[in-house]
Amino acid sequence: MARTWLLLFLGLRCQALPSGIAGTPFPSLAPPVTLLVDGRRHTLVVCLVLDAAPPGLDSLVWFSGGNGSALDAFTYGPSPAPDGTWTSLGQLSLSSEELEAWEPLVCHTRPAAGGLNRSTHPLQLSGEEASTDRTCPQETLRGTQRQVLRLSVLRLLLFKLLLLDVFLTCSRLCVLAGQHLLPPPSSKQAPASTHQSWT
């Protein structure tokens with residue numbers, strides 16, 4: 001379930017990520033998102049690795065901070081992509097107190113044992129301007145709720161119109177079927193006259 005949520009998240013936030021070159025893993029950092037967990041601010045960072053090594057090979061994904069230390073992160077994959085390649089994910093959650101100690105963040109990947117590491121550009125997480133852009137404002141959430149409500153009302157109206165169309169179609173079919181089942185009107189011929197006129 002978590003992997004599905006992350007794939008949806010990346011599909012919405014990173015719709016134009018470049019792919020790897022000649023089967024070389026290519027790590028990309030998604031824009032960080034600020035969440036409230038138990039009343040505390042946490043920054044979620046996701047690293048998407050395209051053209052990762054298939055299962056069975058030692059393909060690593062990890063994060064490092066500005067001081068060069070590796071950070072504990074959750075990794076998912078590799079998962080098959082529609083184009084036949086493999087994709088891996090790395091997820092890192094940092095509290096607001098840890099941001100300054102670990103930034104800038106870098107995502108690293110290594111295709112196999114002895115392979116060359118590939119890294120992303122450093123990602124700065126703190127800063128007044130950047131944090132405003134990454135935090136989901138309440139007005140945005142309210143706007144999303146309004147859009148969901150409008151979409152639900154529109155779906156309800158379309159469903160009612162569909163039911164009305166089905167009802168009218170069924171009524172018409174019943175009328176036509178009833179006409180076909182009625183016996184044809186009997187044509188009674190007048191009895192032949194036995195009276196002969198004498199001339």
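Heads up, the Cβ atoms here are built off N, Cα and C, so glycines get one too.
In this model, the topological domain 'Extracellular' (17-155) carries an average pLDDT of 74. Taken from Swiss-Prot, the feature topological domain 'Extracellular' applies to 17-155, supported by sequence analysis.
Residues annotated as N-linked glycosylation site in Swiss-Prot, with sequence analysis given as evidence: Asn67 (among others).
For Asn117 (N-linked glycosylation site), the Cβ neighbour count at a 10 Å cut-off comes to 12, with all displayed protein chains included. What Swiss-Prot records for Asn117 (among others) is N-linked glycosylation site.
Annotated region 'Disordered' per Swiss-Prot: 117-139, in sequence order.
Here Swiss-Prot flags 156-176 as transmembrane segment.
Per Swiss-Prot, the feature topological domain 'Cytoplasmic' maps to 177-199; the stated evidence is sequence analysis.
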